[in-house]
Structures are given as C-alpha cells and as structure tokens.
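Participant: What follows is a single structure, and I will ask about it in a moment.
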Ligand SMILES: NC(=O)C1=CN([C@@H]2O[C@H](COP(=O)(O)OP(=O)(O)OC[C@H]3O[C@@H](n4cnc5c(N)ncnc54)[C@H](OP(=O)(O)O)[C@@H]3O)[C@@H](O)[C@H]2O)C=CC1
Ligand SMILES: O=C[C@H](O)[C@@H](O)[C@@H](O)[C@H](O)C(=O)O
C-alpha cells in the first residue's frame with residue numbers, strides 16, 4: 001500500500017506516502033533521505049524555511065549517483081517561505097539552488113501571508129517588540145498570481161498551497177487561472193479539518209496531510225482508539241495514524257530521521273470500515289467537546305480562518 005499513488009489535477013501521479021523533513025537536523029537529514037529512497041519512498045517534502053534543503057539535496061544526489069533512484073522517479077516538493085511570497089520566483093530559485101535541482105515536482109505557498117522581505121532576518125524578521133514582522137496589506141491572491149507564472153518556466157511541474165482554510169480557499173479560487181494541485185494541511189483524527197478536505201475534493205485539490213503523528217514526539221500514539229486499532233491489526237499506533245489518510249484519498253507525510261522508523265512507517269495497513277468509523281467517531285466526539293488539537297500554529301498573529309483558531 002505504501003507504493004500507492006494518487007492523481008493530481010495536473011495529471012501527475014503523487015505518492016500516497018512521503019518523507020517529511022521539517023526539524024530534520026543537519027547531520028542526519030542527508031542519511032534519512034538516502035535511507036528513505038532505498039526503503040522505497042518516492043516523495044520528499046522540503047521547504048526553504050526548514051533551513052536544510054542543501055543537505056536534503058546532498059541526499060538526493062547521493063541516491064541518484066548510487067543508482068537507487070532516478071530524478072524523474074522522485075516527487076520533490078518545496079515551499080515558498082513567507083518572506084518570499086512577494087518574490088516567488090526568487091524563493092523557488094533559492095530552493096532549487098540549495099537542493100541542487102533544476103526543477104521541483106510541486107511548489108507550494110507555505111503560509112498565506114507576507115513577512116517583511118526587508119526585515120531584520122531572512123526567514124523570521126521581527127519587530128522591536130518581538131512580534132513577527134508581517135506586511136498586513138499583502139493579499140495572498142497576489143502571491144498565487146506569481147505562482148501561476150512559475151509553471152511556464154518549467155522550474156516546477158505543479159503549484160499548490162499549504163495551510164489554506166476554507167475561507168482562504170474561497171477567496172482564492174474565483175481568481176485562480178490554475179487551480180492549486182494540492183493543499184497541504186495539518187490532518188489527523190484529532191484535527192480532521194473535514195470542511196477543508198471536502199471543499200478541496202469538490203475542486204480537485206489533493207490533500208497532503210502533515211503532522212499525522214501529532215508532530216514532534218508523536219503525541220497521538222497513546223490515543224485510545226488508535227491503540228485499540230493498532231492492537232487489533234498487530235501493528236504500532238504510528239501505522240494506524242499514517243494509514244488513516246489512504247481511504248481519505250490523501251497523501252501523508254511522515255517525518256523521521258531514525259532509520260528503523262523510516263522503514264517502519266512504510267508498513268501501512270488496510271483499515272476496515274469499523275476502524276474508520278472508530279476514528280471518525282473519535283473526531284466527532286473531540287469536535288463536540290471542543291477538544292480538537294492543532295499541533296502546528298506558528299505565532300504569526302494572523303487569523304487564517306481555521307474554525308478551531310479564529
Ligand atoms: N506545510 C506545513 O506548514 C507543514 C508541513 N509539515 C510537513 O509534514 C511533515 C510531517 O510532519 P511533522 O510535524 O514533522 O510530524 P510527524 O507527525 O511526522 O511526527 C514526527 C515525529 O514523530 C517521530 N516518529 C516518526 N515516526 C515514528 C515512529 N514510527 N515511531 C515513533 N516515533 C516516530 C519523529 O521522530 P524522529 O525523527 O526522531 O524519528 C518526530 O518526532 C514535516 O516533516 C513536513 O515535511 C509539517 C508541519 C507543517
Ligand atoms: O512546515 C512546518 C511549519 O509550518 C513551520 O515551517 C513553521 O511552523 C515555522 O517553523 C514557523 O515557526 O513559522
């Protein structure tokens with residue numbers, strides 16, 4: 001099942017499982033990438049903001065040189081960081097240079113906002129009071145227009161968004177000449193974001209689920225329904241959390257720099273209708289109790305339109 005692919009609205013095949021690289025430490029991520037490609041992963045999720053694209057690129061190069069995989073067989077994703085959303089072409093070029101590639105398969109708007117491109121830091125400019133230096137007059141639709149222009153350059157095969165709520169998508173879609181191929185969002189049974197998933201499905205926008213384990217340390221491993229289903233199938237809770245996305249028709253990104261876990265995370269299981277119901281019931285219960293959990297919400301001080309955060 002880990003070799004499954006989905007079709008994007010561009011006609012490209014996108015793997016159902018990818019390796020995440022956020023917080024993958026220097027000194028570890030090159031080997032993690034090589035190991036993942038050897039283990040059969042065919043999607044690597046990167047971002048300029050992660051500060052490790054040069055080392056991810058070394059891993060890719062090593063895998064190409066060793067004949068583990070060819071460039072055209074790996075789906076490489078990267079994202080324009082918030083200080084470059086008024087300079088998307090430059091943002092893409094910087095990622096390509098760091099990765100050592102001449103194109104990526106998918107380029108995403110990492111977050112729908114602009115941070116001061118002339119601020120006091122390349123990635124995290126701050127105001128004297130310590131808050132992030134955000135250009136609040138910027139319209140995220142303008143960023144999308146720049147993204148659209150990048151497709152013709154051949155430097156990215158597809159474009160998409162990330163961290164787009166229903167409200168933001170509804171603002172964007174009437175102006176989009178190219179419908180985003182993907183919306184990459186936090187997604188797991190404790191944050192199903194069904195309203196976004198449904199809207200994306202209606203518009204043929206593929207979901208890439210991030211932080212499927214609850215991000216750092218995998219806080220969702222101990223959730224009761226997850227443990228119950230894992231015991232039933234004789235697998236680890238991580239396998240249940242990753243497999244949850246396959247019947248939803250979504251790609252799932254699992255980050256690890258630990259060789260055994262990278263391999264282990266390829267062992268997806270076929271969840272049956274009872275398992276899916278148990279997880280969905282848990283999501284419904286969390287929704288009713290107001291206990292949904294968003295693990296990734298950086299301190300931008302911007303209302304992105306997520307119902308659990310506005
Ligand atoms: N677009 C966006 O804004 C965002 C995108 N992402 C993308 O999604 C990816 C995945 O999300 P992320 O937030 O990193 O978190 P994940 O939900 O993938 O969890 C990663 C954590 O789980 C641990 N882990 C991984 N596999 C196992 C396992 N089998 N058993 C036990 N522990 C395990 C990892 O440890 P270790 O590495 O030490 O093994 C790490 O601490 C990111 O890396 C990034 O590529 C993530 C957040 C936001
Ligand atoms: O992709 C992962 C996340 O979005 C990450 O890029 C942000 O959380 C960033 O560290 C920030 O603090 O704004």
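Just so you know, glycine gets a Cβ as well, placed from its N, Cα and C.
Heads up, here are the entries from TrEMBL:
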DOMAIN    17-280  domain 'NADP-dependent oxidoreductase'
ACT_SITE  50  active site, proton donor
SITE      79  site 'Lowers pKa of active site Tyr'
BINDING   110  substrate binding site
Participant: Which is it, of 79, 110: the one of these recorded positions whose Cβ has the most other Cβ atoms within 10 Å?
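Facilitator: Result of the Cβ crowding comparison: 79.
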Participant: Please report the Cα separation of the residue listed as 'active site, proton donor' and residue 79 (site 'Lowers pKa of active site Tyr') in Å, rounded to an integer.
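Facilitator: It is 10 Å, counting Cα to Cα.
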Participant: What three-state secondary structure does DSSP assign to residue 79 (site 'Lowers pKa of active site Tyr')?
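Facilitator: Note: residue 79 (site 'Lowers pKa of active site Tyr') is in a strand by DSSP.
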Participant: Whole-number answer please: how many Å between the C-alpha atoms of residue 110 (substrate binding site) and residue 79 (site 'Lowers pKa of active site Tyr')?
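Facilitator: Pair distance, Cα basis, whole Å: 5 Å.
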Participant: Indicate whether residue 50 (active site, proton donor) is helix, strand or coil by DSSP.
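Facilitator: Helix, per DSSP.
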Participant: Over the span of the domain 'NADP-dependent oxidoreductase' (17-280), how high is the average pLDDT in this prediction?
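Facilitator: Mean pLDDT across the domain 'NADP-dependent oxidoreductase' (17-280) comes out at 98.
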